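Copied from Swiss-Prot, the annotated features are:
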SIGNAL    1-18  signal peptide
DISULFID  Cys40-Cys75  disulfide bond
DISULFID  Cys71-Cys129  disulfide bond
DISULFID  Cys118-Cys138  disulfide bond
Amino acid sequence: MTSKSCLLLVAMVTLTTSVMGTAEVMSHVTAHFGKALEECREESGLSAEVLEEFQHFWREDFEVVHRELGCAIICMSNKFSLLQDDSRMHHVNMHDYVKSFPNGHVLSEKLVELIHNCEKKYDTMTDDCDRVVKVAACFKVDAKAAGIAPEVTMIEAVMEKY
């Protein structure tokens with residue numbers, strides 16, 4: 001094996017391990033965050049059907065479009081002190097929350113960056129629930145593109161821990 005081939009192999013293994021690590025951490029974050037969903041169902045006006053669908057947030061066919069989802073995400077985020085008073089992400093608290101999971105440090109910077117970039121896109125929207133559902137949809141697309149979105153099976157595997 002030439003030195004160039006060896007370097008390429010090391011780079012590919014490192015990148016794959018990094019992406020797999022962040023997706024695994026994201027599965028923990030998703031499972032833990034999702035535990036607040038039932039508590040927030042009534043407060044946000046989430047129907048039983050949308051509640052059931054929301055359990056599959058990361059699936060390709062799940063569309064993040066319902067205003068009530070935005071309201072539920074606000075409620076859930078407030079349970080963990082992840083938002084400021086204006087319903088925008090509290091960067092320090094979000095970093096700390098993500099870092100509280102095993103290997104969370106490998107994900108926190110990227111997750112906060114992606115959410116912040118999505119928040120900037122919809123900053124002029126005045127309805128918090130509408131804005132947050134748009135931010136969530138944007139984040140889902142960007143997280144998948146960045147390779148940090150977890151597989152549904154990964155989330156199911158860690159659900160019992162939370």
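Here the Cβ of each residue, glycine as well, is placed from N, Cα and C on the backbone.
For Cys75 (disulfide bond), the nearest neighbour among the listed disulfide-bonded residues (Cys118, Cys129, Cys138), judged by C-alpha distance, is Cys129. The separation of Cys138 (disulfide bond) from Cys40 (disulfide bond), Cα to Cα, is 22 Å. Listed in sequence order, Asn117, Cys118, Lys121, Tyr122 are the same-chain residues six or more apart from Cys138 (disulfide bond) with CB atoms under 8 A from its CB.
Within the same chain, residues at least 6 positions away in sequence whose Cβ sits under 8 Å from that of Cys71 (disulfide bond) are Cys40, Glu43, Ser44, Gly45, Leu46, Asp128, Cys129, Val132.
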